[in-house]
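Undergrad: Taken from TrEMBL, the feature region 'Disordered' covers 193-258. The annotation compositional bias 'Basic and acidic residues' is assigned in TrEMBL to 200-214. Summarising the annotation, TrEMBL assigns compositional bias 'Acidic residues' to 215-230, 238-248. Taken from TrEMBL, the feature ATP binding site applies to GLU324, ARG331, ARG346, GLU375, PHE415, ARG486, LYS492. What TrEMBL records for LYS326 is active site, N6-AMP-lysine intermediate. Summarising the annotation, TrEMBL assigns domain 'ATP-dependent DNA ligase family profile' to 403-527.
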Amino acid sequence: MDFAAFAERADELEAEGSDLGTVALVADLLADAGDELPVVARFLRGEVFAGWDSRKLSVGPALCYEAIARAAGRNVSVSDVEARLADTGEIGAVAANYEFGGQTGLSAFAGGSDGDGGAGGDLTVRGVADSLAAVAAATGEGSEATRRDTLFGLFNRASPAEAKYLARLLLGEMRIGVGGGTVRDATAAAFLGAETTTPVDERGEKDDEKREDDAGTEADDDERGDDGDGDGERGPEDESADGDESEGERERETGDDTAELVAAVERALQVTNDYGRVAELAREEGVAGLRSVSLEVGRPVRAMLAQAGTVADALDGWDAAAVETKYDGARVQLHYDGESASVFSRNMEDVTDALPELVEHAERELSAPAIVDGEAVAVGDDGRPLPFQEVLRRFRRKHDVDRMREEVAVELRAFDCLHAAGEDLLDTPLTERHDRLRDVLDTGVSDLLVSDDPDEIAAFETDALEAGHEGVMLKRPDSTYSPGRRGRNWLKRKPDVETLDLVVTGAEWGEGRRATYLGTFLLSARVEGRGDPEYETIGKVATGITDEELAELTDLLEPHVVRESGTEVAIRPAVVFEVGYEEIQRSPTYSSGYALRFPRFLGVREDKAPGDADTLERVDRLADAG
Ligand code: AMP
C-alpha cells in the first residue's frame, strides 16, 4: 500500500465525526491493506512495533524537527519549525505546511522503496516501516547520523499529507481518534463478519477532543505509571488508559454473535499484545485461529492494573477479598523458559541486564517455565523496603550494573502467575493462579489473605504499613487476569490522604424526604493574594452526612444564601467543611481545574473562617504529590 493512500485514509479518519463511522473506515482500511495489514494495524495506533516488541523508535521531538527542517530546505531552521509548532500546536500540521523534496544527495533517497525520490508518491507503508525499523536498530558509533539521514530521507520524499502522518508516527501520536477498541472492533467487522459497532470502551471519544493518549494505550510512561521523572507525579493520561471499564460489566448493544467475535479478537490481543498479528490471524484463520493463540515465554504481556478503592468497595461487591501487601517498587514481569530468565518493565521494556539479581532469583528458584508478575523492591540492610525511587535508579541502567547492585539491592515480590509449566493461566481464577505461583516459585511470593472480615483486613494493612510498605491491594478472588485493564477486580487501597478544609460556596436543595434540606454542597479552595473571585470551585460533597447533620447544616448555611435558581443556591463564603477524598484529579468541571474523587464530609471546621481555609496552592501540591 502506498503511504500516500494510508495518509489519505488517515485524513478521512481524522475528519470522521462519529465512533461508528470511525470503526467502519478502519474496517475498510484493514480489509484493503493486503500484505501490509500488520503494519497498517499498528500504524493506525501510532505504533511502529508490536506491543510486546521491546524495540523502541526513540525519536524525540528534537530529531524529528531537525529532519523536517532539513528536508524543508536551506531556509528552514529548527527554530522555524518550533515557531510554527508554537502557533499550530501540532507537529503534523506543521510538517504538512512545508514543501519537501528539493533536497538531493545520497541520503535523500533513504526510505526503503525503489522510487526515484522527489516530493511524494513513492513511499510505501512497508518502506516507511522498514526505514523506521532501521532507525530503531541503529546503535553505537555513527548511529546518530544514520538515524538523522534516514528520517531526513523519508521527509524529503514525502508529500505534505504524507509528512503529516510521518511526523505524527515518529512522535507516536496519530490523533485520528483510533483507540485500541476501534482496531479490535474493526478487525472483527472486517474479517469475521461482526456488525460494525461503537466500541464500548471508546464511546463518545469522537465527540470530545481527540484523546491525548491516542498513540499509546499505555498508562505507563514509567514503571509506576508516573510521568517518568520519578517524582510520583501522574501523567494526564494515566486514568484514561484504555480498558477503564470493569470486566463483566461490559454490555454490548449488539447481537451475541458480534459480542462473541469481538471477544475473540480481544482475547487474542490480550494474549499476543500485537494488533498486527491479530488482524492477520483473523483474516487468515478466523475465530478458530484467534482462539488458538497462546502466551509465549519471552514476549511480555501488558500488566493488569488497579483502580483506587476501599475495603467497603471490595466487600460490597465480592464474597471476600484477596488481600496483599502493596509493595512500593516497580512492576516487573519475569519470563523463564526453563533455562534462562528475562525481565520486562511495566511498559514492556527489556530490563534483564539491569536487574541481574531478579534473573538469578528466577533461574534458581523457578521449578518450571513460567511468566511471573510482581514488583521489584529495593531493600535496605535492615531488610526494610526503601522508597521506589531507589528501584528506579536500577532500571534501564546499562553501565556499572554491578556497582549499582552493591548500592541498591533489589528483590522480587511475586504476586501473580500468567503461565506455568506449559499452561496459560489468564483465565484461571486469581487464588488458583496464586497457588500455581507457589507451586513453581519457592521464595519471594507475596502472602495472600482471603477474608471477608474488615477488622482482619485492617490488621493486615496495619502490619503492612508497619513493615514499611505502601498499603494493601484488594483483589477479587475469582477474577481472571486481564492484561492492560484497569478494572475493578484489583483495587489499590492506600492509607487515607490528607483532608482539605474547603469553603462552602453553593448548595443544592435535596429531593423527596430531603427536599427541605440543603443536600449537596459546592466546595471551593481559597486563592491567596487575589481579589474577586477569591475562591475557585473544586467539587461537591453529598456523602458522609447524616439526616441530623443535614438539618444542622441547612440552619447554618441558609442565612448565607445570596441567590437561588431552581434547586441551586449560591452561598456567601462563611462556612468551612473538612473533607476527605481518595484522590485529587485534574478536571475541567470546576474552576480550580481540579476535582475531588469520592469526597466525603467529615465535619464543620467551626474554628476556621473562610480566610483560614485551604488554598489552591495546597491543592496543587497535594495533587502533585498524589
Ligand atoms: P499504582 O502504581 O499506584 O497505580 O498502583 C498499582 C501498582 O502497584 C501496580 O502496577 C504494581 O506495580 C504495584 N503493586 C505493588 N504491590 C502489588 C500487589 N501485591 N499486586 C499488584 N500490584 C502491586
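Keep in mind that glycine also has a Cβ here, set from the backbone N, Cα and C atoms.
Nobody curates TrEMBL annotations by hand; they come from automatic prediction.
If you look at the structure here, what lies around each of the features I listed?
TA: Mapped onto three states, the DSSP output places LYS326 (active site, N6-AMP-lysine intermediate) in strand.
Here the domain 'ATP-dependent DNA ligase family profile' (403-527) is broken down by DSSP into helix, strand and coil counts: 32 helix, 51 strand, 42 coil.
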Undergrad: Helix, strand or coil at GLU375 (ATP binding site), per DSSP?
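TA: Looking at the DSSP assignment, GLU375 (ATP binding site) belongs to a strand.
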Undergrad: Would you please pick out, from the recorded positions LYS326, ARG331, ARG346, ARG486, LYS492, the one with the fewest other Cβ atoms within 10 Å of its Cβ?
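TA: Candidates: the recorded positions LYS326, ARG331, ARG346, ARG486, LYS492. Fewest Cβ atoms within 10 Å: LYS492.
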Undergrad: Just to verify a number: CA distance, PHE415 (ATP binding site) to LYS326 (active site, N6-AMP-lysine intermediate), in angstrom, no decimals.
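TA: With distance taken Cα to Cα, LYS326 (active site, N6-AMP-lysine intermediate) is 10 Å from PHE415 (ATP binding site).
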Undergrad: Using a 10 Å radius around its CB, how many other CB atoms surround GLU324 (ATP binding site)?
TA: 22
Undergrad: Return only the integer: C-alpha distance in Å from LYS492 (ATP binding site) to LYS326 (active site, N6-AMP-lysine intermediate).
TA: 8
Undergrad: Filtering GLU324, ARG331, GLU375, ARG486 (binding-site residues) by proximity to ligand 1: which pass a Cβ cutoff of under 6 Å to any of its atoms?
TA: GLU324, ARG331, GLU375
Undergrad: Of the residues named as ATP binders, GLU324, ARG331, ARG346, GLU375, PHE415, ARG486, LYS492, how far apart in Å are the Cα atoms of the most distant pair?
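TA: Binding-site diameter by Cα atoms for ATP: 19 Å.
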Undergrad: Could you round the CA separation between ARG346 (ATP binding site) and LYS326 (active site, N6-AMP-lysine intermediate) to a whole angstrom and send it over?
TA: 16
